[in-house]
Ligand code: IPM
Ligand code: MG
């Protein structure tokens, strides 16, 4: 069995705590001979800044490039509010996305039946929800130049961010969305602001063109203005299958989608690059939630999004989709038994900490893997 290289970047805040639970699951995977793994660890975010004075070191970026899968916890926290903008913790994550060319960010929003009552929406609106946001991750206003604050002669300042997309960037993310839709519900909704933004107009045109010329007409394509889609997401989220959108709209809409599922603590994500000639692609997996500095170090963080991110890695990078399904099942069954961290706790459920939740999932997963 070929050894797969995994790089763990726990990061800041609750990152190290939830990553410890991933290690627990990885230990089961190794002990059961599911995969042969070589596991390395690096620093990102404030943790990297404290150690090296940068938000991610060149050495760790090289390790990430060489890894079969990178798992990242979370970055940021008030401790680093005062560091120079280019070294802020988020810059480490953005550099990894850019340097590894992870242009496709997959953010599934699945409402586990056991959690339908934790959603801010009524149960009937979210029970059984299963949608996928495909967010463009290496372009748009996040990386467009110029990006600056300049001084004006009148003593005022002027800030510029640049929203920019080229045809190839829209084409490749649209293809990812269409291909995913094919193995899901067969529908793609493209969200853009074609009524206000030139980049929205081009986005609309390119997605429409590739739908036709790329041979994706078996997939149903709709376009929606991004603001209207935000409204529709909280009105009737189950109407969506795959949503494809740009970097900034995807950032916002995925936070909205995550709350539909009951807690930000539940959602994993995969960031993928293009496939190379060997069918291998660079990849990074991280929970959608942040570093939650307010609860860091207390042992109460929800590790499920981080563990579900490992499930995505098993599926998209490590060639074990069947094992990924078992890990997702272990999460679902653990919730079914009433175990809850504080963020998803409700009356009558058993409140547990990070370690108890992680151990319960690992144990169930081990049982599901069979004797
Ligand atoms: C996310 C986060 C990041 C983003 C931050 C931490 C830079 O909000 O992954 O959604 O804006 O992309
Ligand atoms: Mg975000």
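Even glycines carry a Cβ here, placed using N, Cα and C.
As written in TrEMBL, here are the features:
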BINDING   77-90, 290-302  NAD(+) binding site
BINDING   97, 107, 135, 227  substrate binding site
BINDING   227, 251, 255  Mg(2+) binding site
SITE      142  site 'Important for catalysis'
SITE      193  site 'Important for catalysis'
For each of the binding-site residues (227, 251, 255), count the other CB atoms lying within 10 A of its CB, then report the residue with the highest count. 251
On a C-alpha basis, identify the one among 85, 89, 193 that is nearest to residue 97 (substrate binding site); the candidates are the recorded positions. 89
Which binding-site residues out of 81, 85, 107, 135, 251 lie by ligand 2, going by a Cβ under 6 Å? 251
Cβ-Cβ under 8 Å from residue 89 (NAD(+) binding site), same chain, 6 or more residues apart: which ones? 11, 12, 44, 45, 46, 49, 55, 75, 76, 77, 80, 83, 291
Cβ within 8 Å of the mean position of the Cβ atoms of 227, 251, 255: remaining residues of the chain near Mg(2+): 226, 230, 248, 249, 250, 252, 253, 254, 256
Judged by other C-beta atoms within 10 Å of its C-beta, the most isolated of the recorded positions 77, 81, 107, 142, 292 is 81
Helix, strand or coil at residue 193 (site 'Important for catalysis') [DSSP, three-state]: coil
Give me the count of other Cβ atoms within 10 A of the Cβ belonging to residue 97 (substrate binding site). 20
Min neighbour Cβ count (10 Å) across binding-site residues 135, 296 flags 296
Across 85, 193, 300, listed as recorded positions, the smallest other-CB tally within 10 A is for 85
Widest Cα pair spacing in Å over the listed substrate contacts 97, 107, 135, 227 is 26
